[in-house]
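Undergrad: For reference, the structure I am asking about is given below.
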């Protein structure tokens, strides 16, 4: 085992990376409220794991979506637990994200030189809200259907581009299979990918610039 570690250490300098991570200075004013971003990340990872597990059973069609969710909840092994954890962690992620934004704002974390960190954080907050909107529709029950109809109908009030934008979101003039397919693709591929990209931008900047000062 030691030889295997030495082989990787010689090529990747694992110990130097570990020392850099563990030796980072933590200001004395840091408290539990500075952990809200990390908790949000943890919730996101739980979402990825549980969401991936549900893709084995979920069917993104208007005729089978609701039945597949019922199958997950009643027949799939531990399906009820996986979906429940997914829902609970989704609510927790949104709550922690909101509290994290407030904490950063109150402590001046958006000021120079952390402007870009703040911008990427705001984008991540928007992506988090988008997860909620798209995920809410996937069971394709009455609540999900009408929520999608209302949300996708909002841009219709915008002059000139409103109607084309509604059709782009829905995939057609009315809510249906094209809408569910779009929302499923957004929820399971586009949004997770964008979130991962912006997280990979967000965290190195925090690492480089450090934590903002106290109130």
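Cβ atoms are placed via backbone N, Cα and C, with glycine included.
I grabbed these lines from Swiss-Prot:
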- 35: heme c binding site (BINDING)
- 86, 187: heme b 2 binding site (BINDING)
- 100, 202: heme b 1 binding site (BINDING)
- 32-52: transmembrane segment (TRANSMEM)
- 90-110: transmembrane segment (TRANSMEM)
- 116-136: transmembrane segment (TRANSMEM)
- 186-206: transmembrane segment (TRANSMEM)
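In terms of burial and nearby residues, how do these features look in this structure?
TA: The secondary structure of residue 35 (heme c binding site), as reduced to three states from DSSP, is helical.
In the three-state DSSP scheme, residue 86 (heme b 2 binding site) falls into the helix class.
Note: residue 100 (heme b 1 binding site) has non-local neighbours 36, 37, 40, 121, i.e. same-chain residues 6+ apart with C-beta under 8 A of its own C-beta.
Beyond the ends of the transmembrane segment (32-52), by six or more residues, the same chain brings 82-83, 85-86, 89-90, 92-93, 96-97, 99-100, 103, 128, 131, 187-188, 192, 195, 199, 206, 211 to within a C-beta distance below 8 angstroms of the stretch.
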Undergrad: Long-range neighbours only, meaning 6 or more apart in sequence with Cβ under 8 Å: which ones does residue 187 (heme b 2 binding site) have?
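TA: Expected: 51, 131, 134, 135, 138.
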